[in-house]
Amino acid sequence: LSEQNSMIRRRNWQVLCYLLFARTLKYCIVRRQVWFLFVAVLITCYFGYQWHGRFGVAYSPVTLPFYDCPANALFDQPPMSGAMFAASREQLNSKCDSKILLLVENQYSALGQQIKTVLNYLKVPYKVQAVRKTLPSLTNLARGRYMIIIFENFNRYINMNHWNRQLLDKYCKEFGASIVAFMTSKSDQDEFDPVKLLGFPLYVQKQRRFANASLSDISQLLYIAKRGSHFPGPVGNGSNWVGFRPNHSTYKPVMFARDVLNANDVQSLVLLDNGEFDGIRRLLFGNDLNSFWPLKLLFLDGLRFLSFGKIELPLVRYLQIDIDDIFVGQENGKITKADVEELLKSQERMKKHVTNFVYNLGFCGRFYGRGNDLDRSGDEMLIVKFFASFKLFVSIKFQKGHEAKMCLCLLRITFWINQINHRLISVNEVALQKCVAEKAANFRWFPHQWRHAKAHQLNSTVFSSQMLQNLQFAKVCFLLNLIVVFFVGLLWSAQAEQLHWFPHSWAHMQAHWKVNVTELLEDMNHNEGFAEQHDIPVQWSYAVSPHHSGVYPVHDPLYDAWKSIWKIKVTSTEQYPHLKPASLRRGFVYKDIMVMPRQTCGLYTHTIFIEQFPGGKERLDESIFGGELFYTFVFNPFLIFMTHQANYAKDRLAVYTFENAVRFIRCWTNLKLETISTLEMAEKYFQMYPQEVNPIWGNPCSDQRHLELLNTKNLCKQFPDALIVGPQKTGSTALYTFLKLHPLVNSSLPHPKTFEEVQFFCGRNYLHGINAYSEYFPPRQEKTLLFEKSATYFDCDLAPLRVYSLLPHAKIIIIAISPIKRAYSWFQHMKAHDDPTALKNDFIDVLQSKENGPPEMWKFRQRCLTPGHYAHHIEHWLAHFPAKQIHIVDGEALQQRPAVVMSHLLDFLELPDMNYNEKLVYNTKKGFFCIREEFNRTRCLGKSKGRSYSPPSEDVRRYLINYYKTHNIAFHRLLLRLGYETPTWLQKELQEST
């Protein structure tokens, strides 16, 4: 029984184990299937991702139309020649300065800002003043100050009080000045009937809307705008205008249109008064400059006509379109083979409107070949594409049976050299056909950094290395070309020369990241090698730094490396002096490298789809067709546009933008577009604008964009808070010495040649840059005031603007003594320094010398006398600095009562007071105050200070009293205006002069 029970238990266990095994097996099978399915999904996703990542997804760009010009026969009329202006221009030159007076309602009025923008583009000097009861001074001695006077509101001129109106009209007639004025129709005005203007044979009608405007086909005023142009549709999107109805032959319509309520009623919207009625030429506008896109053209042409060609832009526009970072981009966001083909087609289409046009490509060699297959296809298409058609068993220059091995060897060699993937395509051909199709030569290339780094973040070693790397990259294609031709003797299609290339850094490195030249040289070497490797036709005279790093604010290692490795002569930036406003962008020359201003077109690296463009296609078209981009072409004779490779991918917005822009320009203006080398363009630029050769250094710490491009933020703490600007021989050294006694004041470090004077803002030291300037100041301690003293600044014409640009919040200290005493002291000073003119001549002979006499004598005379024109020079400083930042010290009071003068100066500098009576002691032997030191010792100024010499003769004094009479009167008025007491010496000389 026990055995039977045991068997039953074993059987039950067997059954139970079987059931458990069966269930477990079934569960495992199901689970295995689930796991298999899960793993299969993962593998599919992985390979799908890899496949997608490798090959990418082709994008079909949106079809965007090109502009068709509605030209007619009238458009072919050439502009009037400027030869007719020659005689009148000469006469105007002899009467008044080439300056414009702009009278506005207030400093922030919209129309006033529009006019200022145009004048800034024209680079013409102008003065802006709000309309007051009195007119500003119109003459300087016997010469007129302004050739054109612009009224923002013509009613201000019409309703001017009788005295001012008579004065202004007399000035215009006598000096040949002209008037430009605007009349606008405000929405709250309800004057619908024609109204006669007071004193003019002219009727105006406000609150009118017009359509189908036309330009006169006989007007001599039109120059950039095409004569006879017709603009169908509403004028200015149906805005309200002022229409002009002239009743005298002096008035000539420039632009006219038909009233929308009465098609037979044609009125002038822009009207020229030739001056036949009252002898004054005027140009009247019936709306502001933004109301209708052609009005700015007419404003430009009007300024040219009224100034007899003195204010004129040439008709030729030199155009260069840079495509920065041609290899840099996100995966599936770079240009593809199809994009490159379209780029080449675009270049051919552009040549129909722009003479010799070619795109300019900037490259960072390190990024070549990155991305998926679609991305790489674009890179390869730009540089080289291998083996378009191929047959392995053919025999050209190889022995039979070895063709496959040789071609495979060639493929491996080329793969190794270029580090890119290539596919072998077999076709039924008898010969090996066109192994290589080269595209790089279609464009013009310029280098970036090898790694696209920022120049201000590199030292010289790395910068040089990256430059050489980019150079080597360009060389390899050339070597590859030789290898292919040597092995297979195939036709090499050198279409790479159709494009122009320029270098970036090797890896898009920013120059300011590196602090010395060595690092920069390394980067440049890489990029140069890349260019040689790929036989890229690079124009090595031109380069652009990634993100404008190191160009401005200047980073000296970048300029040194550019000159050393790539022999760069030209670069460009949009950052000088600031990115905005664009109308104030300028060029400069630094270390013999010409820096050109660069323009933007509204396209950035992220604007690659038309639906993602801010404001959509309508906003872009608004800029192209008569808007911001259109007037960028009009206002700038030299155009270097910055674009990026992404703008030529996807929807190819850059192609659409520029092709339409040049078509519109050629349709509606007389401008001629041409592409020349960047070097030639730069040379022409500085021939036209020689005043821009020397840079004006701004303060990088006041512009966030500039601050990000500094390699050290400590620079912001190194600039001085105050400047003693002189003039010379007025006691500036004594003031400098006394101010240094204050515990919270520190001065500039001694200069090896000019001692306590840095002399940065007036002289060759300025061209060394602000980094060199900052090195003359010690590290700033907390709550310490830094200052410098350079007495040459006071009467230097360039110093006020230069100082203000770099130190807009600095406090300016000026010292004034008797100009007679100062002039004679200067003569004795030069005599003590063995100046030949001072040694050979008496002072009276120097004073009585003539401008047509010995030049060295006249120059010496001017150097003696002109610093004493105090009012004239202080006005120059007041033109840039507010009066609260300028402190005038009585130099003779400083000599007699230094403690009182220094107390007032400390208040001006907002420093704690100090008892100078304890620090200074009068030295009877020297005749002035010296510094009291320990143990009752005194320290006085050097031998050259307080030099003894005989007083000036009576003839000298009488001559100088008469010479400085008008200058002293002007200085006295200036002091009263600024709230200063009249110095004793000035009172005495004014009395003597009467």
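Using N, Cα and C of the backbone, Cβ positions are placed for all residues, glycine too.
Features of the protein shown, as given by TrEMBL:
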TRANSMEM  34-51  transmembrane segment
DOMAIN    97-306  domain 'Heparan sulfate-N-deacetylase N-terminal'
DOMAIN    317-395  domain 'Heparan sulphate-N-deacetylase deacetylase'
DOMAIN    435-476  domain 'Heparan sulphate-N-deacetylase deacetylase'
DOMAIN    495-630  domain 'Heparan sulphate-N-deacetylase deacetylase'
DOMAIN    720-931  domain 'Sulfotransferase'
ACT_SITE  K729  active site, for sulfotransferase activity
BINDING   S825, K945, G946, R947, S948, Y949  3'-phosphoadenylyl sulfate binding site
DISULFID  C930-C940  disulfide bond
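C930 (disulfide bond) falls within a strand when secondary structure is assigned with DSSP. Taking only the Cα positions, the spacing between C940 (disulfide bond) and the residue listed as 'active site, for sulfotransferase activity' is 17 angstrom. DSSP gives C940 (disulfide bond) a coil state; it is part of no helix or strand. S825 (3'-phosphoadenylyl sulfate binding site) is surrounded by 19 other CB atoms, counting those within 10 A of its CB over all protein chains shown. In this structure, the C-alpha atom of the residue listed as 'active site, for sulfotransferase activity' lies 14 angstrom from that of Y949 (3'-phosphoadenylyl sulfate binding site). When the alpha carbons of C930 (disulfide bond) and Y949 (3'-phosphoadenylyl sulfate binding site) are compared, the span between them is 20 angstrom. Taking Cβ-Cβ distances under 8 Å and a sequence separation of 6 or more, S948 (3'-phosphoadenylyl sulfate binding site) has no neighbours in its chain. When other Cβ atoms within 10 Å of the Cβ of K729 (active site, for sulfotransferase activity) are tallied across all protein chains shown, the result is 24. Sequence-distant neighbours of Y949 (3'-phosphoadenylyl sulfate binding site) (same chain, 6+ apart, CB under 8 A from its CB) are Q828. The average pLDDT computed for the domain 'Heparan sulphate-N-deacetylase deacetylase' (435-476) is 63. Around the Cβ of C930 (disulfide bond), 19 further Cβ atoms fall within 10 Å across all displayed protein chains. Shown for the domain 'Heparan sulphate-N-deacetylase deacetylase' (317-395): DSSP residue counts in helix, strand and coil, namely 28 helix, 18 strand, 33 coil.
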